[in-house]
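Here the structure is laid out as structure tokens; the discussion comes afterwards.
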Amino acid sequence: MFTIVLALVLILSSQTEAQLQVNFYRNTCPNAESIIRLEVQRAFFRDTGIAPGLVRMHFHDCFVRGCDGSILIKSTPGNSAEEDGPPNSGTLRGFEAIENAKARLEQECRGVVSCADILAYAARDSIVISGGLGWDVPAGRRDGRISRAAETIDIPAPFNNLDEATRAFAKKGLSSDDMVALLGAHTIGRSHCTSFSNRLYNFSPTNSQDPSLDPLYAIQLKQQCPRGPNGNVDPNAVVFMNISPTRSENSYYVDVLKNRGLFTSDQTLTTSPDTLSEVRDYARNNIKWQVDFSEAMIKMSQVEVLTGNAGEIRLNCRAINP
């Protein structure tokens, strides 16, 4: 019975993936990818932080109801949307790049290109503009009509240990290998201090700070994320993820081996022989990580997608169609 069910899952999975196609818009909107790429470039030259912002937004989109663009929907008086869920509230970046691309696409080919696909293309273009490898993006996603802040609990958290992180990825059909490769996205961008300040202050009854954190790095982070008179860290304070926050390369893994992983979920990769071995491989071989990361991004971008007649093609990425 198990074998039959497993076979059915694999068949359904392959059918869903088959409905996404590279060059999906070649006949219906042939300039779609170049328009999106240009808007990402324009946004990046104004603010290099847009690149990691778009990658993170795509990641967070795919972990809630699949890659359906639901993270782009604004909250309304009657609904608190994903953008206001705890992992996202006040920290998402890149909406303007998506909106600008959508506006141009609606002029070029109205009602054709989904917001979910725009986000998938923009994430790829963000990696490329940061110096990483590109990949062919399978497209044909439709946009979801539901966005709930409460469902952002599915997004892996920075304080997850290895078992918790592995389960969160597995819930979306992503393996431990996929997880280790995808976490390398933390090589670009910045983080709010509140995402890791638990490692710096009052870590446990026996340790004031996380003992797995390099002591000198901890001193640096405390200088950047000091506690105020009330004992709390400024919720608006941010630090760069590593020493090259605008370059997509394997320095993240070098940092993890030096106990300079910023999040608990980063440093926890050293707690298992299997994940530690992969971290070492990626730290030694940038190209291997780039290739594996690209493959894992393609896989993630197909999580629980809407295709065919499901969902809709939103005319405005920030609101469902009337």
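Yeah, the Cβs are placed from backbone N, Cα and C, and that goes for glycine too.
Automated prediction, rather than curation, is the source of TrEMBL annotations.
Sequence annotations record features per position, and here TrEMBL assigns disulfide bond to Cys29-Cys109, Cys62-Cys67, Cys115-Cys317, Cys193-Cys225. The site 'Transition state stabilizer' feature in TrEMBL is assigned to Arg56. The active site, proton acceptor annotation in TrEMBL covers His60. Residues or ranges marked as Ca(2+) 1 binding site in TrEMBL: Asp61, Val64, Gly66, Asp68, Ser70, Glu82. Look at TrEMBL and you will find Pro156 tagged as substrate binding site.
Each of the disulfide-bonded residues Cys29, Cys62, Cys115 was scored by the number of other CB atoms within 10 A of its CB, and the lowest score belongs to Cys29. Around the Cβ of Cys317 (disulfide bond), the same chain contributes Gly69, Leu72, Ile73, Ile98, Glu99, Lys102, Cys115, Ile118, Asp143, each under 8 angstroms and 6 or more positions distant in sequence.
Proximity note: of the listed recorded positions (His60, Cys109, Cys193, Cys225), His60 have a CA within 10 Å of the CA of Gly66 (Ca(2+) 1 binding site), given in sequence order. Listed recorded positions near Asp61 (Ca(2+) 1 binding site): none (candidates Cys29, Cys109, Pro156, Cys225; Cα-Cα distance within 10 Å). Using CA atoms as reference points, the binding-site residues Ser70, Glu82, Pro156 were checked against Cys62 (disulfide bond), and the closest is Ser70.
Ranked by Cα separation from Val64 (Ca(2+) 1 binding site), the recorded positions Cys29, Cys109, Pro156, Cys193, Cys225 are led by Pro156. Here the binding-site residues are Gly66, Pro156, and the one with the most other Cβ atoms within 10 Å of its Cβ is Pro156.
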